[in-house]
Each structure stands twice: as C-alpha cells, then as structure tokens.
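Colleague: So that we are looking at the same thing, I have put the structure below in structure tokens.
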Amino acid sequence: MSESVYPVPEAWARRARVTEEGYEQLHGRSLADPGSFWLEQARRLDWVKRPELAGDWSFDEADFHISWFADGKLNVAANCVDRHLASRGDQIAILWEPDEPSEEPRRYTYRQLHAEVCRFANVLKAQGVAKGDRVTIYMPMIPEAAFAVLACARIGAVHSVVFGGFSPEALAGRIVDCDSSVVITADEGRRGGKKVPLKANVDMAAAHAPSLETVIVVQATGGAVEMKAGRDLWYHEAAETVAGDCPAEPMAAEDPLFILYTSGSTGKPKGVLHSSAGYLLWASYTHELVFDYRPAEIYWCAADIGWVTGHSYIVYGPLANGATTLMFEGVPNWPDASRIWQVVDRHKVEILYTAPTALRSLMREGDSYVSATSRASLRLLGSVGEPINPEAWRWYHDVVGEGRCPIVDTWWQTETGGMLISPLPGATQLKPGSATRPLPGVDPQIVDADGKVLTGPTEGNLCIARSWPGQMRTVWGDHERFFQTYFTTYPGKYFTGDGCRRDEDGYYWITGRVDDVINVSGHRMGTAEVESALVLHPKVAEAAVVGMPHDIKGQGIYAYVTLNANCVADEDLRQELRNWVRKEIGPIATPDALQFAPGLPKTRSGKIMRRILRKIAENDVGSLGDTSTLADPSVVDDLVKNRVG
Ligand code: PRX
C-alpha cells in the first residue's frame, strides 16, 4: 500500500468552497451541533413546508427509529426540475450520449425535462398509479429512464429500478417482493453494439409475477416485440392522450422515495428503502461538496441507473443541484478503449466519476487510447464502488488526468444513500487507495470483533456511530431484518459489513467486505444468492461460493459444487452450470471458476468452513489453518488438488 501524499493543487485550494481548515471546522460543528447544522443544510432544498425538526433517531433495540426533518413537506421531482425553471430553464439538464458514436447525442433543457416528466407522470396516473404504489423500472440507459424515475417521484409513487442486466427470474423476484403492478421497460436496450431483449425479459418475468397488471413500453430501438392486449401499452401512444402539466404531489419528508434491491450475506436480495427529504438532501449535499459542483458544469457519472450510484449521482444529486448531467448508453470499451475519453472531449466533460474496474480494464489496453484524446476539459476525477488499487489510482491521476486533476475516492453503499467517506478536492491531501476522511456529519468508528471501539491508527470493522439524513430507513416489508442486519452485530451502531484500517493521519482505508458479500466489478453479489441459483439445478446437491482475487473485476466468483450421485462432472456440465447461474440471476453473477467437489469442508455440526474455501480460491493453500475440527479433513486434500484457475 502506498503512503505517498498528493497535496491539494493550488488552483483547487483557491477555488474550493471548503478548504483544509474549513473541513476540520465543518466536521467538528456537524457533530457538535447536528440539529442546527442539518437544519441549515435543509435550506438547500425547496420545501412545501420547511422542517423545524432535524434528526430524531436511536439505534438501540428498545427504541429503534430513524427520521429526519419529520415535520417537513416537499416534492423531490419539483426540487430536481421545477425550481430550476426560473433561473436556468434553458440550460441543459440531461445530455445523452448514445451507444453508437455516429448517432447524435440528445439534449434536454430543464424546461424540456419538466415537460417530459409531467407527461410521464400523467401516463402513470392514467394507468391508475397513485401515491405510495410501487412501480418497477427495467430500462436501458436512455433519458426516458430518468423521466420515469422523476415521474414516480412527482406523483409520490415508489420506484424500484431493476438493473437491465438482471435476468427475467431476478426481475420477477423483485416485482413480487414489492408487490408492484406496473413495470416500465423498453423494447430493447443497447450496450456495446449488442441488443438486450428487455421487453421479452419482462414477458418471461410476468409468468412468475402475478401482481403485474400493466407494462409501459418505451420505443427505444424499434425492434419487434410482442404486445399483450390489455396489459401492454406503448409509452409514445399513451403520452399523446394525456395533459402536459402535472402538479407535484406534496410529500412528507419521511415518505418513501424508492426501493433498490441489493445483495446481502444471507437470503434473497433486500429492498433497501430510501426516504424523500433525507435522501435528496444527502445526494445534493454530497454531490456539491465532493465534486465542488457549480451549476452548469458538465458532469458525468458513468454508472448505470440500475445501481445506487446512478440514482444518487446521475439523477437526484446533480439535478437537485442544477447540473448538466451526462447519461451514457454504452460501455467503456466499445467501439474501442478510447470511448470514455472521446465522450469527455465531445462534451467537454469537467468532472468524471467512474469505477476502478473500468479503469483497470482500460489501463490494460495501454496509454495510446488515452493519449490520442485531449481531455483538456477534465478538472476532477472520481472513483466509486470498490477499493481502488494504487496502480489504477496513479494511472487515473497521471495518464488520464495528466497530474492536474485530484481524485475523489468515494466510499459509500446502497444503504447509505450517498458518499460517507471521501476527500474534498480543495481540502484533502490524497493518498492513493484511501477514501481519506469522513464527510461533515459522518461519524465512523472502527471496532474489534467484540465491538470495542478502537482509537488512533488501527484496523477492524467499520461502523457508523450516528445517523445521517441519507441513511436507508428500512428493508421493504421486513423492518426486523433491517434491524437484525445492520444494528445487532455491534449494538448501538450501524455496521457497514466492511473492514477498514485507519492510519496515523486519521485516513480511512477500506479493506473490503468482512461478510459473505463479493464485490464483482463494483457490484455486490451475495454468495448465498449464487449458491441458491446453483442448487436449483437438478444435478447439483450442494454449492458453496466465495470470492477470489481478479485482475480486472477486483473480485471474481469461485463456486464449489457437489453433484448428485451418478452425475458426471465434465467440461460440458461446468459450462452448463455457469450458464445456468447467468440465466437465473444475470451475467454479473456468472462464476469465474467452478470446481466440482466430492465433499465440502464441514464442521461436525455441518457448518461449511468458508475460511478454507476462500484460502483455496485465493490459491493461498499454505495457510489453511486448523482443519482438525472438520468432520472429514480429507476433503481438503481433494479440494486443493483439483483447484481450478
Ligand atoms: O465494500 C464497499 C464497496 O462497495 C460496497 C457497497 O456496494 P454497493 O451497495 O453496491 O454500492 C456501490 C456504490 C456505492 C461497500 O460496502 N465500496 C464502495 N465504494 C468503495 C468501496 N470500497 C472501497 N472504496 C470505495 N470507494
């Protein structure tokens, strides 16, 4: 790990809102007097009724509750759109770069965005969608995805965006879990020159989702799809029949804004629920502070709207702050590895926010793809989703940013709503690989296995000691699971599931998940989910899944599979099982390595010893530790001998 330090560039020290001393003061004040700090911050939003209450919360079992600005009322879409009309109605709000580089980008001003969102909202209303109803959005990266999200917010419907790369099975599970009767989709998506059959996937999902009554289909590619009479309607036809204006529904601060499913260490994915006011405030606050954002700057978060990064930093944060937010339909390496830098030049992007996995895959192609472009517009670079290795950090800094752009390595989670630990470009000296310091309002603690709070330079498990406005409020339909998952491991604190080191300068270094969650290309995958998919296959008796190091993805998926008696373990079956998981969950869950294992290492009480499986997957077989407590220690020899990859 590198300990070299990159000072704040002169130009940034001069222009930034928050300076080095300013940061210490702000952070101190935020914790010393949170009530007035947050009520002041609440002024960044437009309220129907301004709140007089700030945070009201307790992480203790007896009195467990979390609420922020509870007496306030506002509408999230009005904050992202309507309030900008007077001052910057003709400024570009959404700048859309299509998958195919020869096609024209599309641009929507705030005024046009307003018209689109109102119309979409009226289409939803015409289909009977009302405040509190859940609407599933399964869309490609086209502007209509953002219109759909904001249309839900406008009428108080709760959106649940499902990543377009998820399978029909995964989509069905998410529709059923939140009991959603409406799905918004497109005929097809496009990514890297390939078509994704979104509508056909919805048709397949529908067979397992009895609650589904209405499918609204946006025409994106013009590809042929089947429309089921009485259930499916074309968006462009429905839009012609509705009025152009739609009032924004006043919502209580704590009314739910959206559900987003994410993987945990056990069971099926959880519906993470975010609130209206606290979430929006957090997205807006962090977007402004961490990117030192000024209205009209061209800002690009190269994530997908199907993940939380897309929610907070393509849609809600930037639009709340009056930004021009770039939305990219394509992928970084198509038509070739210079695409990102070409898009930067084409649109004069000033702030770029992407994931280490993308950087590593581009770095591998060599510097020529970067140096062939100008990138003169760039002034700030961001990283998100997984630890960034110092080598990728330096490449981003030295080659992409030519040494002039600070990197904000932002640590956060679906559950946190937005960034919690991150440098501020004008205030924080950088260390490659460290997310640096907590944002004002954030109170991280590192604890040992017994929950003892560790001070000074140390390493342990990362908790957050107090609530912040953007914190998730519950697991949809299972409040008990919310409490159990996050607040019982270390009572009185929110446990992140991440390991963390703090150095002598108080800098935080996230070391990765300490639970059974794998971070594949910056996306969370629960080992239990992949295991459940594998055991659904008729030939599989048992499966255990762990993470393994992967050069590009950060972590890859390593699956150990025990077959039923009389089933033959061969290459064909290995491929069949990998495709099976792909079909059950989606391409991101495909095991990178799959080992047939006659037996798994279990304790005498039948518990699988994952520690041993992890070591073998990591090819660290020299330090397997004590295997004498296993029911059958000999299985380990076989596993080591037949390790794959
Ligand atoms: O392990 C941490 C890692 O990603 C997890 C959260 O995943 P997800 O909810 O999918 O959200 C991803 C987008 C915020 C965390 O528990 N992680 C995220 N950002 C970083 C990170 N690990 C290290 N450094 C980061 N900057």
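Our numbering is plain: 1 for the first residue shown, then up by one each step along the chain.
Backbone N, Cα and C define each Cβ position, glycine as well.
Annotations per TrEMBL:
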type	residues	note
BINDING	ARG191, GLY192, GLY193, LYS194, THR309, ASN333, SER521, ARG582	CoA binding site
BINDING	GLY385, GLU386, PRO387, ASP409, THR410, TRP411, TRP412, GLN413, THR414, ASP498, ARG513, ARG524	ATP binding site
BINDING	VAL535, HIS537, VAL540	Mg(2+) binding site
DOMAIN	23-80	domain 'Acetyl-coenzyme A synthetase N-terminal'
DOMAIN	82-467	domain 'AMP-dependent synthetase/ligase'
DOMAIN	529-607	domain 'AMP-binding enzyme C-terminal'
MOD_RES	LYS607	N6-acetyllysine
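Show me how these features fit into the shown structure, please.
Modeller: Of all the Cβ atoms in the protein chains shown, 26 others lie within 10 Å of the Cβ of THR309 (CoA binding site).
Long-range Cβ contacts of TRP412 (ATP binding site) within its own chain (separation 6+, distance under 8 Å): VAL384, GLY418, MET419, LEU420, ILE421, SER422. Mapped onto three states, the DSSP output places TRP412 (ATP binding site) in coil.
Within 10 Å of the C-beta of VAL535 (Mg(2+) binding site) we count 14 further C-beta atoms, all protein chains included.
Each residue in the domain 'AMP-dependent synthetase/ligase' (82-467) has a pLDDT score, and their mean in this model is 97.
In the three-state DSSP reading, LYS607 (N6-acetyllysine) counts as coil. The 10 Å shell around the Cβ of LYS607 (N6-acetyllysine) contains 10 further Cβ atoms across the protein chains shown.
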Colleague: What binding-site residues among GLY193, THR309, PRO387, VAL540 have a C-beta sitting less than 6 Å from any atom of ligand 1?
Modeller: THR309, PRO387
Colleague: What is the set of residues, excluding VAL535, HIS537, VAL540, whose C-beta falls within 8 angstroms of the centroid of the C-beta atoms at the Mg(2+) site?
Modeller: ALA533, LEU534, LEU536, PRO538, LYS539, ALA541, GLU542, ALA543, VAL561, LEU577, TRP580
Colleague: Which of ARG191, LYS194, ARG513, HIS537, ARG582 has the fewest nearby Cβ atoms, counting only those within 10 Å, among these binding-site residues?
Modeller: LYS194
Colleague: Given the ATP binding site residues GLY385, GLU386, PRO387, ASP409, THR410, TRP411, TRP412, GLN413, THR414, ASP498, ARG513, ARG524 in the record, what is the largest Cα to Cα distance, rounded to whole Å?
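Modeller: The two farthest binding residues have Cα atoms 18 Å apart.
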Colleague: Suppose we draw a 10 Å sphere around the Cβ of THR410 (ATP binding site). How many other Cβ atoms does it contain, all chains included?
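Modeller: For THR410 (ATP binding site), the count of other Cβ atoms within 10 Å is 24.
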Colleague: List the helix, strand and coil residue totals of the domain 'Acetyl-coenzyme A synthetase N-terminal' (23-80) as derived from DSSP.
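Modeller: Split into helix, strand and coil, the domain 'Acetyl-coenzyme A synthetase N-terminal' (23-80) gives 29 helix, 11 strand, 18 coil.
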Colleague: Write out the long-range same-chain contacts of GLY193 (CoA binding site), meaning residues 6 or more apart in sequence whose Cβ is under 8 Å from its Cβ.
Modeller: ASP99, GLU100, TRP334, PRO335
